[in-house]
């Protein structure tokens, strides 16, 4: 088996791995470009001299300025929390595709409001626009992984959901570099800081156009009783005719699962909530919550939203130097995400990546915190010399190297893998509710990090890095005992996978069971 070979759950015609499934995943993943850009550009925009002058930041006290910045950043996450829950309602009644269109429009309204802000009007339009933009990205962050996982063949499901993460990194890359570009090429002006806000509309517009042409999820169509349309979409997606045995097996598998849950739970918007009484479902919800606790506990969003503060703590000063260092961080994340998408996620699997990333990332954070403690660098703006050259010491350079090494460990593990797992582990009747829970929890913990990071750095200094290092180490224990490997396992077999103990052997045992089951079905079909 080569690195790029696929582990299939059953014999799969080559026609199944066609351009259509990749094109649909890519079109939906413009949502993540939108989310990634919005998550990345705001931190450096708040440090852009023209923005600082426009909104008279120098009139604020240090404490008031920290709170104001945290509010600008965190209202976005608050909106995203409610948007991700709202997407659960819209996706049930109107489907995955219409939900993407709806929340994209909400985002575009919010982005447009931000463009109307200026110093005379104050920050009100930016705050309100950030709330609406957050609602939009929250809904899209819920819908996109579900949509992609429901149209994906099992062997490339991780790769296709990974396109969502890749889009996030591409958007983030642009967001991390945009302010370096405008600060280097434009004189401070109203237009200079307005450009980063305007660029938000580009990925949103591409998503709006793409969502008009992609088909609805075939699994959702089956769930709504639209069988003929579902089979038509499935045949188009797999590039096979309805009489092909692969299509017949997939249709039978989906309908068997839907019938089983209709018998056990019933159909209807409120019926999935009854499943929350089951220990098995409760455990999956706990897992999805903890995945995003540990993802945000890695420190990633402290870096995304407050990169100037983070790099000042390592001895990097000077506006453009900080922007450049942030941009390199974005490049490293994007390159490693390509490797994760093409090679690692469906070869190494989800569990191994989380273990390696948690352990390696923890070591890097311990080193960075120890350097700051020993070198006694300061993290608050008040303690940064205005005349500093921006050149760190040899120890500071080593700390920056470890920071980028942390990025290499974090990106292919805790960055996108939790989204892949949460798109897989819930069965059809609970999948939308489960993904809404996962997305809402991501934005909840994201909000807490965004709201208090500046104060944490001011109060704890190097202790912030020790805090993140400890959480990454604890995440390894959580993964070892609680997360089974899911690569190559059909969505319809996830309940069986989570029933197998010990967790570290669940993947091989579940695959063996599926192989026997498939052989039995093929034997019966020939009798």
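Any Cβ shown, glycine's included, is placed from N, Cα and C.
Within the listed segments 190-214, 215-239, TrEMBL records transmembrane segment for the stretch 190-214. Of all ranges given (459-481, 482-504, 505-527), TrEMBL attaches the label transmembrane segment to 459-481. A contact between the transmembrane segment (160-178) and the transmembrane segment (21-52) is present, since 3 or more of their C-beta pairs, 6 or more residues apart, lie under 8 Å. As a quick check, the transmembrane segment (21-52) and the transmembrane segment (323-345) clear the bar of 3 or more Cβ pairs under 8 A, pairs 6 or more apart, so the two touch. Comparing 100-117, 190-214, 323-345, 352-372, 459-481 for CB pairs under 8 angstroms to the transmembrane segment (283-303), the maximum falls on 459-481.
Looking at 123-148, 190-214, 323-345, 459-481, the range that has the most CB pairs within less than 8 A of the transmembrane segment (100-117) turns out to be 123-148. Take the transmembrane segment (123-148) and the stretches 190-214, 323-345, 352-372, 459-481: counting Cβ pairs under 8 Å, 190-214 has the most.
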